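Asker: TrEMBL feature annotations, pasted as is:
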TRANSMEM  A:27-47  transmembrane segment
TRANSMEM  A:53-74  transmembrane segment
TRANSMEM  A:81-99  transmembrane segment
TRANSMEM  A:105-127  transmembrane segment
TRANSMEM  A:134-152  transmembrane segment
TRANSMEM  A:172-195  transmembrane segment
TRANSMEM  A:226-247  transmembrane segment
TRANSMEM  A:253-273  transmembrane segment
TRANSMEM  A:280-299  transmembrane segment
TRANSMEM  A:305-325  transmembrane segment
Amino acid sequence: METVNEIRTEKTEAKNFLKKLTKIREIALIFIIVLFSIVLSIANPVFLTSENILNILLSISITGFLTLGMTVALIAGGFDLSVGSVTALVGIIAGNIFISTENIFLALLVSLLVALVMGSLNGLLITIGGLNPFIATLSIMGIARGLVYIISKGAPMSLMKLPEWLKDIGRGHLFGIPYIVIIFFIAAIIFHILLKYSRQMRKVFYVGSNEDAAYFSGINPNKIKFFVYLMIGFLCWIAGVLAIARFKSASPTFGTGLEMTAISAAVIGGASLSGGEGTVFGSTLGLILLGIVSGALVLLGISVYWQQLISSLVLLIAVLMDSIIERTKANKRI
Amino acid sequence: MEVSEDLLNEPILKIQNVSKSFPGTKALDDVTMDLYGGEVLGLCGENGAGKSTLMKIISGGLQKDSGKLLYKGEEVAFSSPRDAHLNGIGIVHQEIINCPELSVAENICMSVMDKNPKGFLDYNWMYKTAEEYLSRFNVEINVKEKLSNLSISYQQIVEIVKALLLDCSVLIFDEPTAALTEDESEKLFAIIDELRKNNIGIIYISHRLEEVFNNCDRVTILRDGQFIDTLNIKDVEVKTVINKMIGRELGDFYPEKAAGSDEEVLLSVRELTNKPSFANVSFDLRKGEILGVSGLMGSGRTETARSICGLDRKQTGSVFLEGKELSIKSYKDSISEGIVYLTENRKKEGLFLEMSITDNVSAMSLGEMSGKILMNKSLEIENTDRYCKELSVKYSEKTDKVGTLSGGNQQKILIAKLLSVSPKIVILDEPTRGIDVGSKKEIYTLIRALVDRGVGVIVISSDLEEIVGLCDRVMVFHEGTMMGDLTDKDITESNIMHMASGIAKGSNL
Ligand SMILES: Nc1ncnc2c1ncn2[C@@H]1O[C@H](COP(=O)(O)OP(=O)(O)OP(=O)(O)O)[C@@H](O)[C@H]1O
Ligand SMILES: [Mg+2]
């Protein structure tokens with residue numbers, strides 16, 4: 001009987017250890033973020049001022065919506081390269097319609113429809129068209145960016161006449177915190193809960209984990225994937241609208257490279273490119289880390305040309321650490 | 001004693017005090033056993049006893065925590081499967097591991113590429129080698145075919161042939177016949193016999209004890225990661241082996257058959273057709289009976305089941321449940337009508353290997369396990385607990401990934417998933433493939449209990465003994481048509497074989 005008890009305790013210990021291991025990602029990220037902040041504030045005391053912190057948060061909030069979408073896409077076993085250009089397209093179309101009609105509701109409605117159409121196109125190409133998400137979303141990325149240039153003729157448009165309420169969303173504060181930051185964090189919390197606890201999102205995990213097995217459990221993988229890309233279209237619309245509200249302009253080059261930032265953030269946060277894994281909490285921490293890194297470059301007076309290189313290094317180190325941890329966990333194939 | 005004889009009696013492989021732990025499980029606990037050249041050593045144990053783990057350690061796929069491995073008298077520790085190959089230890093894994101997008105020949109020749117006489121890829125050489133080895137099984141497989149286009153049984157043959165090519169002194173077969181037909185299994189045993197004559201040491205793992213008794217010289221038994229005993233097949237009874245495997249008396253293997261079925265028809269299928277897989281299939285499933293479906297691989301059994309459930313499209317025909325005609329357009333419709341299907345392809349179509357036990361069990365009953373939007377976690381856990389207990393699933397934590405469970409326990413998780421929707425009709429495709437005797441008995445008992453509760457059960461199986469032992473009525477398929485059914489005393493292996501090969505027709509047709 002004693003041996004049975006021994007095995008029991010051994011098992012619970014192992015269980016706790018395992019639980020820690022699975023949480024290690026978020027904990028490690030928080031640790032790294034804190035460490036970075038301490039080092040940076042020693043290097044430059046400005047870093048820890050609330051103004052600077054809010055600046056960093058503001059800088060990641062719009063990309064944040066794309067990261068939310070990307071996290072879900074990765075969990076479903078795909079990804080979406082078109083998010084940056086669809087966001088730009090939303091801004092340009094809304095801006096264009098607003099300038100010619102002065103009707104902001106029409107502008108918002110049409111841009112919403114366009115974003116949803118782009119999302120659906122991704123979804124249809126991947127499900128019914130049977131295309132690889134890389135090819136499908138790469139094409140839509142090009143098409144959306146192309147439309148941006150055609151509509152804008154390559155010139156940015158100033159939207160100073162936007163209605164006050166929209167401008168307020170872009171520049172307003174609540175207790176000193178920009179509305180945009182608040183909106184993003186509320187969205188992130190809602191997404192975190194949905195991803196963890198909702199039925200629909202659970203189906204996304206099943207599909208990403210094993211599409212065939214999902215089908216054999218009565219789930220329609222194509223429906224789920226279509227839903228995912230449609231939802232990403234919607235998130236791009238929010239990002240696009242917040243961007244014009246914040247900058248009071250729409251630029252044809254807006255959002256270039258944001259898809260990579262979103263993928264990096266999600267992957268740093270624990271999403272897997274092979275599907276079935278990822279959390280909003282992790283992705284958000286990943287995004288904050290990337291935001292701190294680029295903010296730090298500015299503060300430390302390092303040329304912005306370094307930014308890409310350093311962000312990529314952060315990504316590389318994160319995934320490398322992860323792969324090593326995974327392998328020691330499985331203790332095989334050294 | 002003479003030196004030469006001493007050498008002759010020296011085991012080719014000695015396993016000494018080997019232990020191995022995974023997080024939460026001690027898979028092997030101080031195991032010591034020997035293998036001699038020129039013998040076939042059966043390895044028996046329940047699901048999760050540690051058989052595959054031990055074999056992976058011997059063949060370089062896993063590293064042991066402690067203990068020693070002596071091979072041809074020298075201590076060895078293989079760092080990789082390739083390292084083991086080069087030293088003459090080969091394995092046919094329980095789970096088929098291959099490159100589905102490559103051709104049969106490329107798969108077969110994968111690990112012997114450097115034996116290729118020319119420096120570059122010589123396809124003619126590959127085709128010839130592959131054909132030569134495949135001919136031993138007497139099957140018609142086109143070596144240029146993409147592997148993923150082959151049936152599971154042919155893929156299994158490719159796996160076996162791949163290992164035969166290696167020129168081994170020790171060859172391990174981890175449940176090689178789980179996916180083979182009777183005929184193909186016989187061929188395999190002939191090959192194993194040949195290998196034995198060439199003084200090769202063979203370890204043979206199977207949950208079909210009949211095979212072990214017919215083909216092995218000795219049998220080693222593991223239980224809960226511990227070595228229990230090694231016995232000479234000649235001096236031992238099947239019952240003794242079973243008792244040692246499970247550590248208690250098993251009792252009657254099959255539950256008692258139904259006294260006589262009700263006339264009440266639960267499910268009727270009329271003129272169901274989906275060419276070229278099957279045509280004009282009609283049958284009734286009555287309340288209180290276990291309906292067996294037999295036939296060779298590719299005879300249309302699985303396809304029929306899939307069409308009934310809306311997993312495949314049907315061309316014509318109708319399905320009635322309790323007298324009401326169903327219009328099933330997708331598997332989801334079928335589930336909501338209460339008709340569920342257990343896939344024969346556990347890894348590919350059944351499990352979410354990277355997800356937890358609970359997630360796997362709830363996958364089909366998401367509606368029941370949730371409110372309007374959010375999942376009800378405590379209900380999920382309760383449900384998982386209930387079925388894991390009923391099916392006695394062995395695991396350390398419900399949050400464990402299903403991929404870490406042993407084969408039999410994985411199968412039980414799939415059955416738990418089906419039962420979670422409280423189905424009316426359950427179609428089980430190869431429900432005991434790769435499952436140990438103890439669990440088999442549990443599953444049989446469970447099937448009988450379901451039927452007694454009024455659930456309709458159809459069992460598709462290639463294991464004739466199982467069909468004969470378990471079912472009250474048996475339908476036999478041959479090349480996409482139903483050859484009729486057998487009842488009572490007519491349910492015998494030879495009757496079924498005759499019908500399955502198209503020689504005889506059943507009584508009711
Ligand atoms: N990679 C792994 N991670 C964690 N646990 C594992 C892993 N592989 C095996 N185990 C555990 O080790 C034990 C032995 O598993 P093993 O696969 O060797 O059993 P087996 O005797 O081959 O069973 P079966 O007859 O079902 O194939 C089981 O409890 C299993 O859950
Ligand atoms: Mg095994």
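Quick reminder: no glycine exception, Cβ is built from N, Cα and C everywhere.
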Asker: For the transmembrane segment (A:105-127), give me same-chain residues lying six or more residues beyond its boundaries with a C-beta closer than 8 angstroms to one of its C-beta atoms, as numbers and ranges.
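Answerer: For the transmembrane segment (A:105-127), the far contacts come to 78, 80, 82, 86, 89-91, 93-98, 133, 136-137, 139-140, 144, 221-222, 225-234, 236-237, 240-241.
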Asker: Check the transmembrane segment (A:53-74) against each of A:27-47, A:81-99, A:253-273 and return whichever range has the most CB pairs under 8 Å.
Answerer: A:253-273
Asker: Counting Cβ pairs under 8 Å to the transmembrane segment (A:253-273), which of A:27-47, A:81-99, A:134-152, A:280-299, A:305-325 comes out on top?
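Answerer: When the Cβ pairs under 8 Å are tallied, A:280-299 comes out ahead.
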Asker: For the transmembrane segment (A:81-99), I need the partner stretch with the highest count of C-beta pairs below 8 angstroms, choosing only from A:134-152, A:280-299, A:305-325.
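Answerer: The listed stretch sharing the most Cβ pairs with the transmembrane segment (A:81-99) is A:134-152.
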Asker: Counting only CB pairs under 8 A, let me know which of A:134-152, A:226-247, A:305-325 has the most with the transmembrane segment (A:280-299).
Answerer: A:305-325
